[in-house]
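Participant: Structure provided below as structure tokens; questions to follow.
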Amino acid sequence: MPEPYENPNEAVAPTGAGGAMDLAAGEARSLTAPERPASPVPGEPGITAPEGTGAPAGPAPGEPGGRPRSLRTDAWHQLRRNPVFLLSALLILFLVLISLWPQLIAGGDPLRCDLERSQEGSAPGHPFGYDTQGCDVYTRTVYGARASLTVGICATVGAALLGGLLGGAAGFFGGWWDALLSRIADVFFGIPVVLGGLVFLSVVTSDTVWPVVGFIVLLGWPQVARIARGSVLTAKEHDYVQAARALGAGPGRTLLRHVAPNAVAPVIVVATIALGTYIALEATLSFLGVGLRPPTVSWGIDISNAAPQIRNAPHMLLWPAGALSVTVLAFIMLGDAVRDALDPKLA
Amino acid sequence: MRRARPGPRAVRAVVAALPVLALLTGAAACGGGGNDRGRGPDAIVSSSWGDPQNPLEPANTNEVQGGKVLDMVFRGLKRYDPRTGAAQDMVAERIDTTDSRTFTITLKAGWRFSNGEPVTARSFTDAWNYAAHVDNKQNNSAFFSDIAGYEEVHPESGAARARSLSGLRVRDARTFAVTLKEPFAIWPQTLGYQAFMPLPRAFFEDHDAWLDKPVGNGPYAVRSYTKGGGMKLRRWDGYRGPDKARNGGIDLIVYTDNNTAYTDLLAGNLDLVDDVPAQQLKHVEKDLGDRYVNQPALITQTLVFPFYQRAWTRPGMEKVRRGLSMAIDRKRITEKIFMRTRTPASDWTSQALGAPGGWTDLCGDACVYDPARAKRLIAEGGGLPGGRVTLTSNVDTGSHRAWMDAVCNSVNNALGRGPVCTVDPVGTFADFRNRTTTYKLTGPFRSGWQADYPLIQNFLEPLYSTGGSSNYGKFSDKAFDALLDRANREADPAVAVRHYQAAERLLAERMPAIPLWYQNGSAGWSERVSGVTLNQFSVPVYDRIAVA
Amino acid sequence: MGRHVIRRLLQMIPVFIGSTFLIFLLVYALGDPVAALFGDKAPDPATAARIRQDLHLDQPLWRQYLHYMAQIFRGDFGTAFNGRPVLELMADAFPVTLRLTLVAVAVEVVAGIAFGVISGLRRGRPLDTGLLVLTLVVVSVPTFVSGYLLQFLLGVKWGWVRPSVSFDATFAELLLPGVVLALVSLAYVTRLTRTAVAENARADYVRTAVAKGLPRRRVVTHHILRNSLIPVVTFIGADVGALMGGAIVTERIFNIHGVGYQLYQGILRNNAPTVVGFVTVLVIVFLLANLLVDLGYAVLDPRIRHA
């Protein structure tokens, strides 16, 4: 199962304690702190973080500040008190739970369909109504979470990592490395999704979601790479980066410690929205006959089946699309919270 | 959390940008189209169209969109009555034969092409020689393979050894003789197909110019043709046939999607949409009232078994094939998925043939939903190969995905053993065709068949005879072949039909393909036009449309 | 600067060769197109063989590719199956799609940046939340549905616009399709702008500018916006190409005979000349858009130099 918390942690990870960055962060804090009101909702110290986030958190948050806390510790400390983060974490936890055990909240069989009830509205025991094939929309929406979340999260993490790393490197190192990577991205960008999907996914077939995930990563990384490259280009011109260089920091250290944390925000923004569009892209691929195949149940398949029927049976679209919205909302909120926590000026 | 809070002015600056957007979108409002195509007998009818897939040569056109134009611009020796499908003489005055092998064809006098050229015997023989010759790469060349000398102009491989078909001989300006390779009594009735249309000299002399603006001998002449965009056809007043156009002309407009054409019809920008898309069918009556037609066409859909796979042909499998057929709830699927634009099939031909044409319910019980018997039959026959069945079809057009899901659900519900039936969607028609024509399928696959001419023979011989041109399941039965041969030689049409039906009865026994449903043609039209009907090929009969 | 542009233009040559070959390979992998030309009927072997020979489909892939490239250098992009030269198809389709893209990009720029600035400056306020909800709707409702609904409501129910686009596809007709096409990108642009604006609004130089007594409007446009635009411009630059080639659904709904439609037809019918020709031009568009974006960086942030 995908770990939804991996993504933000990856973004946090490179910004560990150290050197000039901490100095800069500390300085920013000292400048802004007095003007900043206390956290809007006082964090409850008793609350334990949802599992998965805790592990890499470094030193205990409550550690008395004898020395400036590292950015990572600081971020984590702040996240725990952020209601937006807590809400999104709860939502995601819920989604993960129903992906693992859909039968917890849905008793039916998503593949059991009675054509006689085709497109009927809600009925007792079937609150969301029926789809064209007469399957229960509620059961299918619940069961669809697994495939859709797996595709969405894995593809997003994959595209963000691959695109972020390659694009970041291109922007940072420049020169022939940039030229090569950017031009490869151009070629990949040029491949129409339909063509690539029909070819790639009819060659690599399997009953699992992985070919679809792989394909989306393959087509999605150039977009992230462009964004990452652009923001690295800006970030590396900042004074503190120049300062770090002047102080003798090597390129690797400069990139990881100073440039990346300041360039990561746009990547997070694009990734959180891309999560939604990737889940929807899976629908397009299914529609073309090369995406996930039955008996797999996914929101994408249901959305693409419901879309043409929008005038006849809007409820068919409403529920899977609503579930997709909630998922995207959770990840956008998570992305916002993580980004805020990462921003030293806000801390 | 402190933020640098910009004053109201800054926000106002941004908000000021919004009206620009509103203005941009609002400006689109003036794009609405008026209805200024006139009234009365000279009024123009606008109709939806799709880009023809091939150049508009008669012998190269094998789909409905190109067929629409050819049906307006050309008249052949015979024409199928739009309602009954009976082949009636059109340009032909009479077609004589004594041995069902050599036919003497006499043309009516006075017919002309719209550029003034007379329609002569040569107009036909030149067109047919062109169509048959391998160098011209015409899709429909196989329609001429019954004529003597076809192998010379169209060898299986290598260059042609002759310029023209030896079986065609011009006697005089209005008479020519056709010799077939072997007797084929109903051959004259195939002559209504568009591949047999006559062509003017202009076609051969300046081929490119002709393709830009086709010239024919039909009730309409092409005024202008914007490739990819549309075609304007106008009534040709020099037309000699009995079916003169009752309107001033037809504007065909290419739509990227029939849903859009339908929306344009509702908005009053279009007069006629044929082939109303499946998702609109549920509310078509609310939208159009009685301005909608849904009538049988010569199209049938089947699920063909791959007889080249041992697993589907070993003894006992005929019971399994029959059982599968009985596990499909055709009635409910045609009602719920197709909104009654399909009719549950009861044989391997088409309802549109009518009883005199040979349509009966020869499939009998095997085409009636009976889950209990289906389950028993499949068990008796030794079960599905490997306990599973996979249906294959392309999903890029039609509602193939939806009905395949429904068929599988029906089978699964009938057998009650979880998902034993699964769907294998293929992304493109081209890919699907390659799999069928190279015999790579392992389970039942979709076969859609639109007849070229309204004859029962056309539903049987190409599809199920040994080595038949479209026999993709490689079904083979000597008795079936013999009965077809006998029927083909029979001069009396009524007797021939009985022989064809006897052959079809063998299909019911062996079930090489599961009949699913007969496909209807559908059309919706605007309030200003009337008299819209479809012919048996689901093409609107344009010449009968009147504008009130 | 000049050298940078020349170098970038020279880089197009290998990209051109690489991408044409890649697309050629992909179309080749789709399989033989000839069987589908005959519809549901069996392909006549002799005719099919002749068509294959004429299209050079009977030769190995590398020879087909060399032949195709030789053709291109003679200015011949081949012929589609309906007998029309691909060059003619491109001449019809690209101007239409270009207009559609311009409308979409204009919507993205004007509305996306405006929304982004508003919600960035008003973080957490109802307006910001409202825009977030809109973003969610746009991301989770497929273009097919939003396009169809807008077309039905504006075109049929209320009769404000003509629901379909005529063959000439004027700017006025393309406004609604342009908005529909821009919707998903609008979500990205809004969120990207919002994030950058929110971040920059807290920057020291903004505080300095405010302290200096500069008018708010000037602070927003000159200081905040200019420094927030790099990710936005990057995104839009990358999006131009995606909009041009990826408008398949929008073009279908609104009856636009553009690049997406032609490309889709070409792919469905495995027509190599159409697909390779169109994609090649699209890749060139990507390269140019990308070059412009890179030059735009230097304008937005003078510290970024292109040697």
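Any Cβ shown, glycine's included, is placed from N, Cα and C.
Predicted automatically and left uncurated, TrEMBL annotations should be read as such.
If you look up TrEMBL, you'll see A:45-57 marked as compositional bias 'Low complexity'. Taken from TrEMBL, the feature domain 'ABC transmembrane type-1' applies to A:145-335. TrEMBL lists A:1-71 with the feature region 'Disordered'. Positions annotated as transmembrane segment by TrEMBL: A:84-102, A:149-177, A:184-203, A:209-228, A:263-281, A:317-338.
Any idea what these are sitting next to in the structure?
Facilitator: Proximity of distant same-chain residues to the transmembrane segment (A:149-177), defined by a Cβ-Cβ separation under 8 Å and at least 6 residues beyond the stretch ends, is recorded for 1-2, 4, 6-7, 10, 95-96, 99, 185, 209, 212-214, 216-217, 220-233, 236, 251, 255, 259-260, 263-264, 267, 270-272, 274-276, 278-279, 282, 292, 298, 300, 327.
Sequence-remote contacts of a segment are chain residues at least 6 beyond its ends whose Cβ falls under 8 Å from one of its Cβ atoms, and for the transmembrane segment (A:184-203) they are 166-167, 211-212, 215, 218-219, 221-223, 225-226, 281, 284-285, 288, 290-291.
Beyond the ends of the transmembrane segment (A:209-228), by six or more residues, the same chain brings 147, 150-151, 154-156, 158-160, 162-164, 166-168, 170-171, 181-182, 185-186, 188-189, 191, 193, 196-197, 200-201, 263, 266-267, 270-271, 274, 278, 281-282, 285, 291-292, 296 to within a C-beta distance below 8 angstroms of the stretch.
Residues 7-8, 11, 148, 151-153, 155-156, 159-160, 163-164, 168, 171, 193, 216, 220, 223-224, 227-228, 230-232, 234-235, 299-300, 303, 324-325, 327-328, 331-332, 334-335, 338-339, 342-343 of the same chain lie 6+ residues outside the transmembrane segment (A:263-281) yet bring a C-beta within less than 8 angstroms of a C-beta in it.
Panel annotation: around the transmembrane segment (A:317-338), residues 4, 8, 11-12, 75, 79, 82, 84-85, 87-89, 91-92, 95, 128, 137-138, 140-141, 144-145, 148-149, 152, 268-269, 271-273, 275-276, 279-280, 299, 302-303, 306-307, 309-310 of the same chain, lying at least six beyond its termini, place a Cβ under 8 Å from a Cβ of the stretch.
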